[in-house]
Amino acid sequence: MKLSELIKDIKTKNVLNNRDTEITGISYNSKTVGKGEIFVCLKGEHSDGHEYAKMAVQNGAAALFCEKELDIDVPQVIVDSTRHCIADLAAAFYNYPSKNIKLIGVTGTNGKTTVTHLIQRIVEDAKHRCALIGTLGYKLSGKDSYHDAKHTTPQAPELQKTLEMICENKIDYVAMEVSSHALEQNRVGGCDFDGAVFTNLTQDHLDYHITMNNYFEAKALLFRGLKPGGFAVINNDDEYAERFKAVVPEGVKIYTYGIKNDADITARDIDFSIHGAKFNCKVNDETGAVNLQMNGMFSVYNALAALAAGIAMGFDKDICIKALEETKSVDGRFEIVNKQPLVIVDYAHTPDGLENVLKAARELTPEGSNLICMFGCGGDRDATKRPKMGKIADEAADIVVVTSDNPRSEDPQLIISDILAGIKTVNTQKVYVEPDRRTAISMLKNIAKENDVVVLAGKGHEDYQILKNETIHFDDREEARKVFN
């Protein structure tokens, strides 16, 4: 694509050394930039891409996308913010692929991964093809295996390239997790969303957003950007529900779901067992029984969110319910890895997430048996949630094992101290501390009795652990199976 064609719809301040160069791709990494690509000078927390522009040109970059004039003799497109404009640049390069598909975005603190999986199953049961993009990677169909991803929502060039590939495969729907970081950093700029789903909003990422209001405003960007004729699905039980409704543009239809409050789609007569959750759902004036293979009240909410999205897309209620019933739990989401004792691996890494998982696990704990919770908190992340999670574990579980999650650059012992600040129990038979996660899981063999329930929280599907500058292979599910089987 010619440079002039690529930037024709982008608001530029200036274009220098304007040779109408052929552009072969988009890159923001000076080490891996390909010959003929345009190098985008992004400013990050720890580095500035403008400082690597010369290296990028030496490695083959044919043009620069930057915020200031650089003393380099190649075409330079100067804009106010490269981070804001890179999404539009990528969308233009890949010929705006989202215009050719039905793109459904799912946002919220918890539940995004499960809801996108359920939506994918609903769409496919309705005889359409649906791809999925999210925390676990991307997949072109429910039967496809995952392709790795570094972020819940990919960076703009990777995202647009993935959407183009989806179009080339003649897939007409995409269910995509949309993180607050992606919205704040405009990674999804250039995407035309046909629908948006809001799961819930509770404390997370305050190391980045600072306040809950900022966190809300980031999430709200997804709904503000919906086009007329689209739809918005909103959790009517969440305290932010009315604020989300208020930002939905005119011409976008709102569908609500809930359990406590009146909504378009509701659940009643909810019952839990080791096999999953059962409930009666009401869709407007129609009712239907639902038997999920997933457990916990949060799973009921996730199912209602996906059901509401299915109804919003025009699919038959019974097809949607059948799809919900046929879907097994997502990897690392309330995943049962052992039966006696019952061992559950879950990704819960927020106060709300941990509380909900422990409530669900308590429902499965026989009278007279113990609910055991092992968890840690991530380093270089919101530290204010650590004592809150300690308090929740202390109050909700009978036995607590505090360990490491992904300490990153922080001292694991200091993270554990932050968690322990929220724990009031001083009984050493109730609270154990073991910084090494593998050893902590091994300890559970001697702590847990046959009818106890053990929750390994925080890492879920992750198969790695980040220790300072080293990333090692580590999978809670593998470790638990070794210990208990």
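Here the Cβ of each residue, glycine as well, is placed from N, Cα and C on the backbone.
Where the annotation comes from TrEMBL, it is an automatic prediction and has not been curated.
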- Message: Labelled motif 'Meso-diaminopimelate recognition motif' by TrEMBL, one stretch among 109-112, 325-328, 405-408, 449-452. Can you tell me which?
- Response: 405-408
- Kindly point out which candidate in Arg333, Arg362, Arg381 is recorded by TrEMBL as part of the meso-2,6-diaminopimelate site with Asp405, Asn406, Pro407, Arg408, Gly458, Glu462. Arg381
- Task: Identify, among the binding-site residues Gly108, Gly111, Pro407, Gly458, the residue whose Cβ has the fewest other Cβ atoms within 10 Å in this structure.
- Result: Pro407
- Item | Nearest of the binding-site residues (Asp405, Asn406, Arg408, Glu462) to Gly108 (ATP binding site), judged by Cα-Cα distance | Glu462
- Message: Around the meso-2,6-diaminopimelate site formed by Arg381, Asp405, Asn406, Pro407, Arg408, Gly458, Glu462, list the extra residues of the same chain whose Cβ is within 8 Å of the site's Cβ centroid.
- Response: His349, Gly376, Cys377, Gly378, Gly379, Ser404, Lys459, Gln465, Ile466
- Message: If you compare CA-to-CA distances from Asn110 (ATP binding site) to each of the binding-site residues Asn406, Arg408, Gly458, Glu462, which comes out shortest?
- Response: Gly458
- Message: With every protein chain in view, what's the tally of Cβ atoms within 10 Å of the Cβ of Arg408 (meso-2,6-diaminopimelate binding site), excluding that atom itself?
- Response: 17
- Other than Gly108, Thr109, Asn110, Gly111, Lys112, Thr113, Thr114, which residues of the same chain sit close to ATP? List them in sequence order, counting a residue when its Cβ is within 8 Å of the Cβ centroid of the site. Val106, Val115, Glu177, Thr199, Asn200, Asn302
